[in-house]
Amino acid sequence: MLLDRIGFYFPKALSNFLILYTCCICFSRIDILPRIVNVVLLITLSSFALYTYWKIIRVGAGSPLEYSFLKIQSIDNVLNRTEQPPDIIKDNCIFVKRDGSFRFCQTCEIWKPDRCHHCSKCNKCFLKMDHHCPWFASCVGFRNQKFFVQFLAYTTVYSLYVLLMTSAQLYSWFRQMKYKSELLDLHLLVVWVLSVIAAIATFAFTTYTIWLVTKNETTIEQYEWGNIRHDLEIYGDSINCNMGSVDNVFDLGSRSANFNCVMGASWAELLLPIQVRADDPFDPYANQGLFFPVQSDTYRIYRESVNLQQRLITRLTLRPSIEHI
């Protein structure tokens, strides 16, 4: 219990402390820029980083538990195949379990839409789950993915700015040979080391995350694609078709389209932490993370694979009944 509390609060306290500490040190130690310029830049960058950090946590990834029609009435009936998922799952979900049945979570007792996964750390299912991030002690998914990408970008820019300023300040200190008359500012040196580490780490992770966004792929899907391709190859063998060229079904055909569906199409949506998804008055479940736009050709192949698996399961479950007649 105590360890759980520490694991929940410590990352948040540490993350905020590092941003505020480095910001305060740069406030008081940097004098190579006009003070007002330095203050405005530091406040702007650190504020964006802190705001998106807490927005990621407050908004959350989104969970299928919020939709009552996805609730399973009886796990036993689902396991016995006497309870079926709602039509929205049957009509829109592409991925099924290896035995051909629709995906569900026994822990949450919920039908799982495509891209939904259960987090063992949070003990909860999340929509379009990307990963569980220990720095937030929460999951990144459908609703907060945009803010997570922005947080990484803001933090990268902030880290690079702090690195540039502290490097220039330290260079000026050595160049003026102040080491002959005074000690090196330990706080400034610590902030420089932290900014080096943070700049490298956040830049690498930001690049990787944006790359996944342009592919319309989550971190989990990146690792699961091998299993999915294996299942499609089995289906391809059954119909004498080569499935080696099948793409990610959620790839919208261009990197810009994939990027815009997460980050928004306008510069304001891209640069500012504002919501980009509008409700569809004709479909209350659109843009809710329950289902996603797909490539028509790839979708057809996936659906044929699902239908084949469903027919095989139906045939196998009917055989014992026929044999007992």
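Quick reminder: no glycine exception, Cβ is built from N, Cα and C everywhere.
Checked against Swiss-Prot, the domain name for ILE32 differs from that for ILE220, so they face opposite sides of the membrane. The stretch from 6-26, 147-167, 186-206 with the most CB pairs below 8 A to the transmembrane segment (36-56) is 147-167. Here the topological domain 'Cytoplasmic' (1-5) has no long-range neighbours, meaning no same-chain residue at least 6 beyond its ends has a C-beta under 8 angstroms from one of its own. Under 8 Å from some Cβ of the topological domain 'Lumenal' (27-35) lie the Cβ atoms of residues 42, 165-166, 168-169, 172, 185, 187-188, 191, all in the same chain and six or more residues away from its ends.
Break the domain 'DHHC' (103-153) down by DSSP state and the numbers are 9 helix, 16 strand, 26 coil. Away from its own ends, the topological domain 'Lumenal' (168-185) comes close to residues 29-32, 192 of its chain (Cβ-Cβ under 8 Å, at least six residues beyond either end). Counting residues of the topological domain 'Cytoplasmic' (1-5) by DSSP class, helix then strand then coil, yields 4 helix, 0 strand, 1 coil.
Using DSSP to sort the residues of the topological domain 'Lumenal' (168-185) gives these counts of helix, strand and coil: 11 helix, 0 strand, 7 coil.
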